[in-house]
Amino acid sequence: FFLFIQDFSKAMSQAGSSQFQEVIRQELEYSMKVELDKILATAHSNELEHTKKDLEGFKKLFHRFLQEKGPSVDWGKIQRPPEDSIQPYEKIKARGLPDNIASVLNKLVVVKLNGGLGTSMGCKGPKSLIGVRNENTFLDLTVQQIEHLNKSYNTDVPLVLMNSFNTDDDTKKILQKYSHSRVKIYTFNQSRYPRINKETLLPIAKDVSYSGENTECWYPPGHGDIYASFYNSGLLDNLIAEGKEYIFVSNIDNLGATVDLYILNHLMNPPNGKRCEFVMEVTNKTRADVKGGTLTQYENKLRLVEIAQVPKAHVDEFKSVSKFKIFNTNNLWIALSAIKRLQEKNAIDMEIIVNPKTLDGGLNVIQLETAVGAAIKSFENSLGINVPRSRFLPVKTTSDLLLVMSNLYSLNAGSLTMSEKREFPTVPLVKLGSSFTKVQDYLRRFESIPDMLELDHLTVSGDVTFGKNVSLKGTVIIIANHGDRIDIPAGALLENKIVSGNLRILDH
């Protein structure tokens, strides 16, 4: 009887706490609604419609955020994907190409995620406008690639840029320069959501403006926003009306993400007659990629699992290169008709990523975001394709920039390919210290980009500069201690060397 009373009171208190939590949730939602209505009331008539859509989308996301607790995967349910659900690229390439590849290409749209700023590399403005190779920016290279396709096959593959409110104006100004290129370029904007005060869970914005001191009040909610924004812009319907069937989506800073005709052919002419609605390109993990999201089988569906969703006790297991051998490159092929169908049914399910930030004034805020690849489980007949590492060449830091500017790669029609002179197919591991973080500092420290064809590993730390025509081979470590400076002289060859201390050209 005593045990029964104990169980009963425990059940009552649990019910009480869940009821209490429900009351708090409702209050928070109500307070959020009041604040969003106040913000909406400050909108001018010309921005009312899209602001309303943005805030509606945000409200849905906030509602889900309040409902969900803790990591959203049950670790016990995670299984290895079935053999045939991740196909090797070689198998898809072995099918060859049909004679009518041009008609297949005409069904394709290339979409680049162009919402990011170059702030992590010390640049103002859109990241896509940073020069990466022979004065060409990420955007220049993208346009050159698609123009080369259109000219080679006499096709009409358009480019669509998903901008954010941070990148839209600057990108549109630059687009003038491509008016004579053989690529139709369209843009649409992703949503603009209000940042939330971490303590009060209320928006920090007081009105709709996002310039001046209000720039920190708003954020673009991650690339998972592509489905709703693409649909809301009307562009999705227009492209379907033009006979387009698939989009190839990738990050604009991934220089390996070029249109692959073999994958496109596999989508349009599937060997079993059943078309895939969603293909995710994955590639083998190296030690550098242990945090990348991985494809798993979960409740009989392919599912992308990100490190943020993994319970703490299993993070090391998630990072294991032997258990989870592949990671998501964020190169995705998606059927337009499927996006339309799922968007109209409100059936695209993506986990919420809670991204904490500290603003310049010290205020702690959170951003609610989603990731485009997380929607894979909402689509029918999804597939992973294990592609060569060369299709994943992101430039996130100046260390990455050094690789793509070097003689490791040659540039042809906007595409980078690894030099045939390099004896092994992997790229060297490069770690440039904080003196190289900003692009302008990095450029100032290299009179010319060193020869890196035989380099395995480079670490540079402190005040270091490189003269012209330096060659780096094997493992090279250069460390200038605090207050010291190292100038690598022009024409120097460093092979399996550690250089430290103080070395000025004058010392020679």
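Even glycines carry a Cβ here, placed using N, Cα and C.
Within 10 Å of the C-beta of LYS396 (UTP binding site) we count 14 further C-beta atoms, all protein chains included. Annotated UTP binding site per TrEMBL: LYS127, GLN190, GLY222, ASP253, LYS396, in sequence order.
The substrate binding site annotation in TrEMBL covers HIS223. For HIS223 (substrate binding site), the same-chain residues 6+ apart in sequence whose C-beta sits under 8 angstroms from its C-beta are LEU113, GLY115, MET162, GLN190, ASN251, ASN330, THR370, ALA371, VAL372.
Here ASP253 (UTP binding site) comes close to GLY116, LYS127, SER128, PHE138, PRO394, VAL395, LYS396: these same-chain residues lie at least six apart in sequence, with C-beta atoms under 8 angstroms from its C-beta.
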